Each structure stands twice: as structure tokens, then as C-alpha cells.
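Quick look at what TrEMBL lists:
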REGION    A:1-29  region 'Disordered'
COMPBIAS  A:13-29  compositional bias 'Basic and acidic residues'
DOMAIN    A:33-319  domain 'UvrD-like helicase ATP-binding'
BINDING   A:Ala54, A:Gly55, A:Ala56, A:Gly57, A:Ser58, A:Gly59, A:Lys60, A:Thr61  ATP binding site
DOMAIN    A:320-635  domain 'UvrD-like helicase C-terminal'
Amino acid sequence: MSTLFDLPQHGSSRSERSEAAGRPGPDPEHLLTGLNPQQRDAVVHTGSPLLVVAGAGSGKTRVLTHRIAYLLANGAHPGQIMAITFTNKAAAEMKERVVELVGRRANAMWVSTFHSMCVRVLRRECKTLGLSSSFSIYDADDSRRLITMIARELELDSKRYPARTLAVQISNLKNELVDPETAAERAGNDMERKVAQVYEAYQRRLADSNALDFDDLIMRTVELLQHHPAVAEHYRRRFRHVLVDEYQDTNHAQYVLVRELVGTGPTDSGVEPAELCVVGDADQSIYAFRGATIRNIEEFERDYPQARTILLEQNYRSTQTILSAANAVIRRNPNRRDKRLWSDAGDGEAIVGYVADNEHDEAAFVAGEIDRLVDDGTATFNDIAVFYRTNNQSRVFEEVFIRLGLPYRVVGGVRFYERREVRDALAYLRVLDNPDDTVSLRRILNVPKRGIGDRAEAVVAAHADQERISFASALRQAAAGKVDALNTRARRAIAGFVDLLDELRSVAVESDVAEVLEQVLERTGYRAELDASDDPQDATRLENLTELVTVAREFTEARGGGAEPTGGEAEPSAEAVVAAATPAAEDAEEETLGLPADDSLSAFLERVSLVADADSLPESGDGVVTLMTLHTAKGLEFPVVFLTGWEDGVFPHMRALGEPAEQAEERRLAYVGITRARQQLYVSRALMRSAWGQPMTNPASRFLTEIPEELVQWRRVEPERAAPQVRSTWGGRRADRTGSDSAQAGLAAHGMRSTPAKGWKDAVAIKLAAGDRVTHDKYGLGTVLSTEGEGPRATATIDFGSAGTVKLMLIGSVPLTKL
DNA sequence: CGTGCATTAGTCGCC
DNA sequence: CTAATGCACG
């Protein structure tokens, strides 16, 4: 079996790179060999915007890298090229592959994520926007902390207006490029009004802290380009080729950013629009919940009327059997550009299906198969991945794997940069770098514990507010005894803290990042505290901090000597950072980030905050089975893939059952999952699964029934006994949930062998038609507006008057009576 | 005695 | 993960 990833591994490509470095540009035609006709078209196309619709496994990265190389070989200067990706890993990989093709001069290109690209622009143009160049970048966690503080100050009911919800809403507004003022004007209900109010305060506080959040990076760059034509023209003149990867994952702000960057017509002084090439696949758009809008790729031709579209349908990854299954499932999505993946690799093995009694049985089956595959030499552990819909489904697999001694790793969990100790340490660095960074300052105020409690913090915050000074200044005044509301004890504690920061700051001016970090850990007592603890978790924390110091050291070395970091024994996460943080991979061109060359602290923090955001997906493990969610699996491939938990309510997720748009997204997720497999695909479901401590009977996933029967070889089907128990297992406890939720519990599960629709009919309790009057246990009286679907899929949209209009599934347990 | 710290329990469930 | 409790220190 082949390797997991068909890209060169880090180590092996280095020699090729240096060889290529000396070579002049390659013969352009040479870059076209080995490409199929569509790929070739995409590489050579010129003169109008280009949309490359790249099906899963169709050689998308190859097209992008070859297109860039081809541009370079035909006279484009590397400095004229900007390529935008969604992850740092993708950016690094793309750059590396272009370097392999054309040599080192490719390093002068801007190949980066949307966010890194914006930071770069913003650092250079910060004065235009009234920012200081040492602005901090707040990630989602920092944002939420700040929003929590604001909500508390505004005395919002934390139950009605949870910080999390507020944060999401504000982020959505920013993704739509809506400013606080407009948000306030548009607010139509209580929630929206509160959101607008918090949003307004939040932006003010960000500015006070000299900070931008992740969404700001995009929004402010758009603002810059829109309001400062000279700046826009500068970039447009410079970047004549803009390429965007994973275009289906862009949100509205990113769409506008690209449009502003490229331009839609000549500027005043006659700079023509740049050449735009976007690559993506609407069928793999699975990030709507993050604000991505599939519209951008679907409407590309409308946005850019001159656009040419090229479809890549030949797949180089999977067997035809797998592709046929993927095609059959995704075909059910409405309003989609028809696209059929095909392969000349042959049919390969049939898909193996398995109906388990419960989730433990399912896990045991998966484990057994893995054991067998590895035993008979069909696959290695590395070749195998197990996917599930939500993270909590991993537990049962872990249990079985541990019991059987199968090596595995769960991808997902808490990432390196989200660990508390790492964030604490970084918060110290950030405060040293940007004293106004209030979120970081308040984070470390009493970490480790030094006797500055909530009350003292609140007093200082109030003082800052009253005197209209920064929190940092207020702290200083408190230390000097100028804040009356504080008692001596708190005052002394604060004075100690301020002194500590001053000491550290003097260390920071003369030492490199690693040393500063060391001193932080020493002088704050952070390390000592962990050392003293006998909690095994704290030992891990200590290791993580040591790892962070290593990252910092390698960063400094790489930056100083230009030497590649070795990263030999570092953890994958650390390696990923260093790889992305290596300035050697940065532009060697004249214009740099606008950072003082010696300001390694700022540079380090910036890199870390941008890398931390990436769904840093760790390189293939060492002889272990990979467990992850379907979302995480995107962009990866494995010879053997287990798709588990294919049950209505689990996958598609409960929440999506009544929502066509969400269901379409779930179906795309299924498509992504199926197309990760190269040779062997397994699909399984469990008849019974405990959820929230209660057993639930789940019917087969509708996606399962959409896979043509002839492609699947069922290893075990549902026992053909009498119609299974249909009684709801739900207590009244959850009767307050939506109707379709509780309806789930009653869905009867049937086997897959005979035509399922017939078997299901019995479970349908009620037949309704538009106009029928009904009564519902929770919603009361209602009128049926419309009905959809048949058998187990039957739903009705019912107007319950003041209780609202609700879509319900019409099965067994739904507490609905026809009048 | 007041203030702050640590430890519990109930809340939960979202990629 | 937050509120509510007991415990310790100035």
C-alpha cells in the first residue's frame, strides 16, 4: 500500500530544493507533462478570471502549483504572485512544491493564509488605520474573554445572552462586514440590540488594547483597500496574479477582500485588474457554521462575468467503487453543479457495511477489522483512519482500542496552543510586548496565584474606567496606593506584580524570546508551582511549557542564522509552528513586514497567533490508527477508511434533520468522508446508541440508503425479527426540545437488505395533509401548512399560532394528534 | 471579621 | 464551566 500522503515529506525535499535553486526557470512546456487535458487548461489559461472546480482527489494542488510555476516560467515575477490558502500547512506545502518546480526565487511570492496576508498588509499600513504596529491579535478565546467582561459590565443576563452566543453573532456581523453602527440600526429584536451594543463596546475595547481579533484582520484590510484607493492601487499594481485555494470555504468578507485586491476594472491611473484564479469544490463546503458561504463559488461566474470555468473530474485517489458511492450520495443535493468523479484505477474492493447492535459492538467490529487487515498485511496502522461525526463518539473506540492494544491517536482534542499553560505563558509575552493588551494582562494578573482576587481586579477595572486610563495604568496607580478602595494586602500584591512585570520587561529588551520565556516561567513561580504539584496533569503541563521554550529557541535560531530548524525530537505541534514560523521561508525581498529586525518578540507572537489558528493537523503518526471527526478529515486521505455512526440523528446530525440547507451540508460532509478513502471503505451504524445516558434507537442514515446497494457488501445486517420496539425512550425531561428531536427517538430502525421503505411504513403514526388541524402536547393547536416526504421521512410544517411554525417528523412518538 | 482561595456540585452537551 | 460552600490569612 502506498503512503498516506502523496506529498513529499519535509526532510526528503530539502535536497531537491537546493538543487533547483541554482537552475534557471524550467521550460514552460515541461510543466505540462503528466497533466490531463483539463488540468493543462487550468494551468495555461490566461486573460480572464478562472474558476477551477476541483473534485476530491482531482489533483488540485498540482494544478495550483503548476499554474504558478507556469506563470513564473512565462515571465511573471515571483513578487507579483499572491496565493491564499486556509491553513498554514497548505501554504507551506504549496510554496515548497513551487520551489521544487522553479527554485528558490519562488520564496519571494506571498503564499499565505488569508489571515497572515492581512496581518502583513496591516502591519505595513497600520498608520493609515490609526493602529500601532505592535498590535496584538486576539484569537477566539481572547475575544470571548473580552466579551464576557463587557457583558458583565453591561449587566447582561448571562443566561439569556451567553458570551459564546454574543461572540458568534459579533463574528458573523464582521464576516458580513457590518460595523457596530449598522448592526444597531438593523437590530430588530432584543438579542440583536444587545449584540450591537456589546459589539460597539467590544470594538472600542479592542482599540484601547491595541488589538485586533481574527475577523478584524480581514475586515480592516477590506476597509483599508476600500477607503484608501492609493493603497489599493499599490497592491493591485504589485500583485498581478491572485490565486485562492479552497474557495468554497471563503466567507463574505474574504470574498470582498479578494475582489478589492484583484479589482473589477482599471484604476484611475489605469492599473488593470489582476488575474484571478480560484480553486474549490462546492461539494466540499462544510464550514457554513463558521461563516463560509458556498455562494461565493456557486456565483463566481456571476461575480466575474468573463470567467472561464474548468471542471476537474478525474480522480487520482480512490477506486471507482468509492467514487460511485460518493457521486450517488452528493447527487441528492439540490441546485448543484453536476460533477461526476471517475477513476481509471478500476473498481477495487466493495464497500463493507456493518450494522451493529450498539456503539460498543460497532467499535469492536472496527477494531476487529483493523486487527485483521494489519495481521494479513493488507494495511499498516498508519494506513487506517476512523471517522465519526462528533468528537464524543471517539470515546468508545478508544476504550476498545486500549483493551485490544491497538495503537491509535485521536486528532482533535485540545490543541497545543489552546492549552491553559501555553496560553498563560504567551499572555505574559504579549503583555511584555504590548502593555495595553488588557485581555492578556487580566489573564495573568493572578496566575500563578499571588493574592489578587476578583474583587481587587474589579476595583482596578472600575478605577481604570473612571479615570479613563488603561488597565495597566490603573494597576500602576493601585500599586502606588492611589486607589482608595483597595486594602493593603491587595495593594501589596499588585505592587509585587507590577514590579515583576517591570523586571521581566527589562529582561525582554536584552534577551531573545526563549530566554524571556524562561525568565517568565522562573520569576513568576509558574514552573515552581507545577514542579511542586504531584498531579500527573501538571507534569504534562511542564512538558508543554518546555516544548514552548523549544519552539521559541528554534524560532530565534532560524531567524538569526537563517538555518533550518532541526525540529528533530520536538512534538509535531511544535514542528508545525517552527515550519510556519521560519523566516527563511519568508520573503527575501526588499519590503518586509514592517517589523524592526531585532523585534523577535513581536515576530514570534505574531507567528504563534497565526499558526495557532490553523487546524494544525499533525503529520502522520507513527504506526497508529487515526481517529478524527469528519470535519478534521477534510483534505486528508487514507488507504482504509471507516465511516462510523451512520444513523439519522447522529449523521446527519439531529439538528440538520428538518433543515434542508443544513442537511445539504451534512451530505457534503458524507461526500468528504467517502472520498477520503483510497482503496477500502467501511460504513457502519449502530441500532442502539446511548446518548445523554439514555439508550436511543436510531434508524439508518439516509445517506446510507443513498449508496447504491450493489457497491456494498453487508457483513452484518439488522436481524429480521418483528418490527422493533418503537416506544420512545425519552422521558418527559426533554419534552421541551423541538418536536423533531423527540421524534427521533421513536424512529424504527430496519435492515438494509430488502427495500427499506416498505418496512418503515408501520412506524408512521400519522398521515396528514395541508389544512388538517392538529394538537401537539407542547405546541398546542395548529394547522398543517404543508407535508413533505413519505414513510419515515415524512414531515409536516405546522403553524402553531403564537407558538410558531414548526417542522415535525411524523413518526411514532411524536406527540401529535389529528383532530 | 472580611477577603480571597480552593473545592465542590450542577450544567450540560457543536463540528 | 459557574455558583456555592468551607478554609486560611491579614
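Cβ coordinates are placed from backbone N, Cα and C, and glycine is handled just like the others.
Bear in mind that the values here come from a model prediction, so they are computed numbers and not experimental data.
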>> Validating a neighbour-count step here. Other CB atoms within 10 A of the CB of A:Ala56 (ATP binding site): how many?
In response: 25
>> My understanding is the cutoff is Cβ-Cβ under 8 Å with a sequence separation of 6 or more in the same chain; which residues meet that for A:Ala54 (ATP binding site)?
In response: A:Lys60, A:Val63, A:Val279, A:Gly280, A:Asp281, A:Leu312
> Near the Cβ of A:Gly55 (ATP binding site), how many other Cβ atoms are there if near means within 10 Å?
Replying inline: 26
>> Using CB atoms and a 10 A radius, I'd like the single residue among the binding-site residues A:Ser58, A:Thr61 with the highest neighbour count.
In response: A:Ser58
> Residues near the ATP site, A:Ala54, A:Gly55, A:Ala56, A:Gly57, A:Ser58, A:Gly59, A:Lys60, A:Thr61 excluded, by Cβ within 8 Å of the Cβ center?
Replying inline: A:Val63, A:Asp281, A:Leu312, A:Asn315, A:Tyr316, A:Arg317
> Under a criterion of Cβ-Cβ distance under 8 Å and sequence separation of at least 6, what residues of the same chain contact A:Gly59 (ATP binding site)?
Replying inline: A:Leu35, A:Asn36, A:Gln39, A:Leu312, A:Gln314, A:Tyr316
